[in-house]
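Q: When I checked TrEMBL for this same protein, it listed these features:
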DOMAIN    B:7-81  domain 'Glycine transporter'
DOMAIN    B:94-166  domain 'Glycine transporter'
TRANSMEM  B:6-25  transmembrane segment
TRANSMEM  B:32-52  transmembrane segment
TRANSMEM  B:64-80  transmembrane segment
TRANSMEM  B:87-106  transmembrane segment
TRANSMEM  B:118-139  transmembrane segment
TRANSMEM  B:151-171  transmembrane segment
């Protein structure tokens, strides 16, 4: 992978670790609990992806940078929580949307590079993007947010499909990635701004 | 695997996807949540099995038919939920019992074909049969039904053991599968009809 | 692995299976539920470790002794629960602390033997030590105890780090293992005796 993808991957890791650390704070966990929640949110989706693909040892075991990023994020979160003024409310969702878009494309690309079909690759992309958040919510004993609320996974699905379509045309990898990432990112931002949701599936009584 | 096993495997996938989609409906999830719950119920047990066995990429990554079945089941469930009259109550449990029996034998057979011991193979069969339902219940924030209620996993265990015993005699694969499947299916049907349960393990206070 | 490590590994398996069986009793599960909870508590952490490392089929599939230990523990728990006088309260936590220390070192050692970095190895050790208990608590619908309460995982982390440090000096494997195990065991015992906790991470409102 080229260097800038790697950089964005680490960025996504830090953002997802932050959302996990904040969730741990809401449940008054001890520092180890904060670390675990930050860690599973950041690398949980990619770990399941690698275990299902068989690309083991999973990515963060081969490159400890990811773990160091999680560690640094947790320490920074605990320190800044007490000392800094609150960031504007929209900083976290926007950073999270960027992480979602990046992780989706990275997961999709990894599956495609192993020669899997497009449909499998899109699922691996979504798993990479939303898997960590699902484990985080399960450990906090909540029905995973992503299964119920605003368009989130849908943005990931669209991004993965867009990437596969772009690749099947004459577009090169770089352009395809940018288009796919922007579509996932844009859809998620629009969902945040206008509170877009898909209609819930309601059983006939 | 011979063709009719494959056919039954897809049948079990559709049935389990249906139970997952209905559970999602009970929790008013959005369409993506319905897809995820249907998917993990249908292929979750087999995915864990393949990850533990190391037969990766897991089965549905190598054959997207499983995913298409899940997709078709979800779409059909959402459409028919609004338009069709209710099916008789016993249709779903009977179909589910058949899925349980089929998945159990398929999981047991896969472990045996890798040269694992009978005891490991029976566990892999049970995992294939009940694993998806356990993940479904955890995501819906319930203590997994299979751990508490009517004889369900027990039917799966008996089926797996029956298969190993039949194979150790002079019986061929086909006959062994039929006997094992019928015993798991029969025990589960009997448990449904007469509400059979094992006694709960109650701690002395 | 030398024979006495293997013996201690089986010992840890029995102790963790016991804690799982007791948790199942508190939730009035049926015998299969007791088996599943005992099993995931005992071998769940090691299974995730092996799936992430790619050392598949996972350890208990290759050596059914672990499963037989779980089975024997469950049967013994159900029988003795009704017939025996209560053991002193401190027996279970001490046995559990020993299991935690043993599993931690075994997991750390396994990752190191695959050539992974120390930081990855420590995480694999912690995962082996606390992973099973986390799955047990999730299946019982509780926020995992280990994320919230007394110094537990911290003991495991210290043990893993101690092991890596000892190995990097001139100490042999055997001495390193003993030192690391004693530090994890000692910290956990001290936490039990004096109810030591790390301060919770509390979000600023």
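Every residue, even glycine, has its Cβ placed from backbone N, Cα and C.
TrEMBL does not curate its annotations; it predicts them automatically.
Burial and contacts for the listed features, if you can.
A: Per DSSP, the secondary structure of the domain 'Glycine transporter' (B:94-166) breaks down as 59 helix, 0 strand, 14 coil.
Below 8 angstroms of C-beta separation, residues 33-34, 36-43, 65-66, 69-70, 72-74, 77-78, 81, 92, 95-96, 98-100, 102-103, 106, 132-133, 136-137, 140 of the same chain, each at least six residues beyond the ends of the transmembrane segment (B:6-25), sit close to that stretch.
Under 8 Å from some Cβ of the transmembrane segment (B:32-52) lie the Cβ atoms of residues 13-14, 16-21, 23-25, 58-60, 66-67, 69-71, 73-74, 77-78, 103, 106-107, 110-111, 124, 127-136, 139-140, all in the same chain and six or more residues away from its ends.
Residues 10, 13-14, 17-18, 21-22, 25, 31, 34-35, 38-39, 42-43 of the same chain, all 6+ positions outside the transmembrane segment (B:64-80), place their C-beta atoms under 8 angstroms from a C-beta of that stretch.
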Q: How about long-range neighbours of the transmembrane segment (B:151-171): same chain, 6 or more residues beyond its ends, C-beta under 8 Å?
A: 97, 100-101, 104-105, 107-109, 112, 118, 121-123, 125-126, 129-130, 145, 177, 179-181, 183-185, 187-188, 191, 196-198
Q: Count up the helix, strand and coil residues in the domain 'Glycine transporter' (B:7-81) according to DSSP, in that order.
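A: DSSP composition of the domain 'Glycine transporter' (B:7-81): 64 helix, 0 strand, 11 coil.
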